[in-house]
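Visitor: Sharing a structure, written as structure tokens. Questions coming.
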């Protein structure tokens, strides 16, 4: 079956390891091996994977994901949904957490993140990034072109990432 744009995007957002982890959790509930799980089990699977949707969120998710109203979702639909939850969660991460993040990456505590520090951040996320990508992100994020990222620029950059 061909993937929708959303599904392709969801796959691109996740690392291979995450997809494998999600698949393992998904398969535990795919009792008959038919490649889909009951929407009833969705909450349980999501909680296993560290998500914590409320009943309302869950209903909204199911309504959105189970487009054909079959009462089941397949793995691709599941990925789309997990990515959406993760992005929501990330958005909900307060500035306070980002401030902590900033302090951790601002190794020399000068109130700025320089290109070295930025490279470390990106590599720490497990993303495979080239020097060129790091330079591009630095250029994009460093609005006042002083060669460093201050906290406000960092916040904007993180919004962009999510």
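Using the three backbone atoms N, Cα and C, a Cβ is placed for every residue, glycine included.
Pulled these from Swiss-Prot:
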type	residues	note
BINDING	30, 32, 36, 41	Ca(2+) 1 binding site
BINDING	66, 68, 70, 72, 77	Ca(2+) 2 binding site
BINDING	106, 108, 110, 117	Ca(2+) 3 binding site
BINDING	142, 144, 146, 148, 153	Ca(2+) 4 binding site
DOMAIN	17-52	domain 'EF-hand 1'
DOMAIN	53-88	domain 'EF-hand 2'
DOMAIN	93-128	domain 'EF-hand 3'
DOMAIN	129-162	domain 'EF-hand 4'
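Could you tell me the structural context for the features on the list?
Guide: Take the CB of residue 41 (Ca(2+) 1 binding site) and look out to 10 A: across all protein chains shown you find 16 other CB atoms.
Taking a C-beta cut-off of under 8 angstroms and a sequence separation of 6 or more, residue 70 (Ca(2+) 2 binding site) has the following same-chain neighbours: 36. In the three-state DSSP scheme, residue 70 (Ca(2+) 2 binding site) falls into the coil class.
Under the three-state DSSP scheme, residue 117 (Ca(2+) 3 binding site) falls in the helix class. Sequence-distant neighbours of residue 117 (Ca(2+) 3 binding site): residues of the same chain at least 6 apart with a C-beta under 8 Å from its C-beta are 105, 106, 107.
In the three-state DSSP assignment, the secondary structure recorded for residue 153 (Ca(2+) 4 binding site) is helix. Residue 153 (Ca(2+) 4 binding site) is surrounded by 19 other CB atoms, counting those within 10 A of its CB over all protein chains shown.
When Cβ-Cβ distances below 8 Å are used as the criterion, the domain 'EF-hand 1' (17-52) is approached by residues 11, 58, 61-62, 65-66, 70-75, 78-79, 81-82, 85-86, 89, 126 of the same chain, each at least six residues removed from its ends.
Sequence-distant contacts of the domain 'EF-hand 3' (93-128) (same chain, at least 6 residues past either end, Cβ-Cβ under 8 Å): 15, 17, 134-135, 137-138, 141, 147-151, 154-155, 158.
Tertiary proximity for the domain 'EF-hand 4' (129-162) is limited to same-chain residues at least six positions away from its ends with a CB under 8 Å from its CB atoms, namely 87, 90-91, 95, 98-99, 101-102, 111-115, 118-119, 122-123.
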Visitor: Residue 41 (Ca(2+) 1 binding site): which of the binding-site residues 72, 110, 142 have a C-alpha within 10 angstroms of it?
Guide: 72
Visitor: Determine which residues of this chain, when 30, 32, 36, 41 are set aside, have a Cβ within 8 Å of the centroid of the Ca(2+) 1 site's Cβ atoms, and list them as they appear in the sequence.
Guide: 26, 29, 31, 33, 34, 35, 37, 38, 72
Visitor: Cα of residue 142 (Ca(2+) 4 binding site) to Cα of residue 77 (Ca(2+) 2 binding site): how many Å, rounded?
Guide: 37
Visitor: Near residue 72 (Ca(2+) 2 binding site), which residues of its own chain have a C-beta under 8 A away, given they sit six or more steps off in sequence?
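Guide: The answer is 36, 37, 38, 39, 66.
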Visitor: Mind checking how the domain 'EF-hand 4' (129-162) divides into helix, strand and coil residues in DSSP?
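Guide: Across the domain 'EF-hand 4' (129-162), the residues distribute as 22 helix, 1 strand, 11 coil.
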Visitor: From the Cα of residue 153 (Ca(2+) 4 binding site) across to the Cα of residue 32 (Ca(2+) 1 binding site), what is the distance in angstrom?
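Guide: Cα-Cα, rounded: 50 Å.
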